[in-house]
Amino acid sequence: MIFKQYLQVTKPGIIFGNLISVIGGFLLASKGSIDYPLFIYTLVGVSLVVASGCVFNNYIDRDIDRKMERTKNRVLVKGLISPAVSLVYATLLGIAGFMLLWFGANPLACWLGVMGFVVYVGVYSLYMKRHSVYGTLIGSLSGAAPPVIGYCAVTGEFDSGAAILLAIFSLWQMPHSYAIAIFRFKDYQAANIPVLPVVKGISVAKNHITLYIIAFAVATLMLSLGGYAGYKYLVVAAAVSVWWLGMALRGYKVADDRIWARKLFGFSIIAITALSVMMSVDFMVPDSHTLLAAVW
């Protein structure tokens, strides 16, 4: 029972989702030549860092979590783990994760983890989430860190491939998060969290969702155009982007925004999982014969 509580406070669903993206970035960079010890160190290291960030987030948000239907039964809200113990737990998880990334992967992977952690805990959770409509935008940067860490654990450098991954996953976070805010509108309103749909209205949020999906679509194609991923990835990326955009556009005519937003959110998970899988298996070695070179 105690183990279950300590597991729940780390938000295992979020950890699992991030692991899929880490694997995508790692295998994309590995290009078929997998260093398995490095793979394990990277996965476990990122998992521990994400777990640490989630525990800190639970600690910081325990006051507003009480006001939201979705979060009112969280471990810290119900007092199943004391706040002091959660801080120690989060700190130990973070130290272990950063050490694994530093010594098991490379310093760059560790520093990327540190930056993602600081943005999520220090900038987003402590301030932006409660005080700015741009909190989601800032938080998207930390959400995009795991695949970049996986990629850079292999390459040891932040190149154009890493930049494209950062763009893809940051842009994906925006419509994904706005969809949550729409179908959980009353929760965010009750907790006085200034997300875009609450502050500017759902109609404005729909416009932003559409624009971000278009930008996401362009970013996903750049992996193939830049010679990092192959044609099969390109086809899947184009297909999921077009379908997701179509779902967003249908949102302008729906009668129930909450049902529409939940479906949009659900497909966002399918889309990013499909891309992570395809970049894992359909990689290319960048050379002069990239799609971008062929275009020019």
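Backbone N, Cα and C define each Cβ position, glycine as well.
Taken verbatim from Swiss-Prot:
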type	residues	note
TOPO_DOM	1-9	topological domain 'Cytoplasmic'
TOPO_DOM	29-37	topological domain 'Periplasmic'
TOPO_DOM	57-78	topological domain 'Cytoplasmic'
TOPO_DOM	98-107	topological domain 'Periplasmic'
TOPO_DOM	127-197	topological domain 'Cytoplasmic'
TOPO_DOM	217-228	topological domain 'Periplasmic'
TOPO_DOM	248-268	topological domain 'Cytoplasmic'
TOPO_DOM	288-296	topological domain 'Periplasmic'
TRANSMEM	10-28	transmembrane segment
TRANSMEM	38-56	transmembrane segment
TRANSMEM	79-97	transmembrane segment
TRANSMEM	108-126	transmembrane segment
TRANSMEM	198-216	transmembrane segment
TRANSMEM	229-247	transmembrane segment
TRANSMEM	269-287	transmembrane segment
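Looking at which of 38-56, 79-97, 198-216, 269-287 has the most CB pairs under 8 Å to the transmembrane segment (229-247), the answer is the stretch 269-287.
Beyond the transmembrane segment (198-216), the same-chain residues lying 6 or more positions past its ends with a Cβ under 8 Å from any Cβ of the stretch are 133, 168, 171-172, 174-175, 178-179, 181-182, 185, 188-189, 241, 244-245, 248-249, 251-252, 257, 264. Across the candidate stretches 10-28, 38-56, 79-97, 108-126, the maximum count of CB pairs under 8 A to the transmembrane segment (269-287) is reached by 10-28. Relative to the transmembrane segment (108-126), the listed stretch 38-56 leads the set 10-28, 38-56, 79-97 in CB pairs under 8 A. Within the chain carrying the topological domain 'Periplasmic' (29-37), a Cβ under 8 angstroms from the stretch's Cβ atoms is held by residues 104, 150-155, 161, 283-285, all 6 or more beyond its ends. Per-residue pLDDT, averaged over the topological domain 'Periplasmic' (288-296), rounds to 42.
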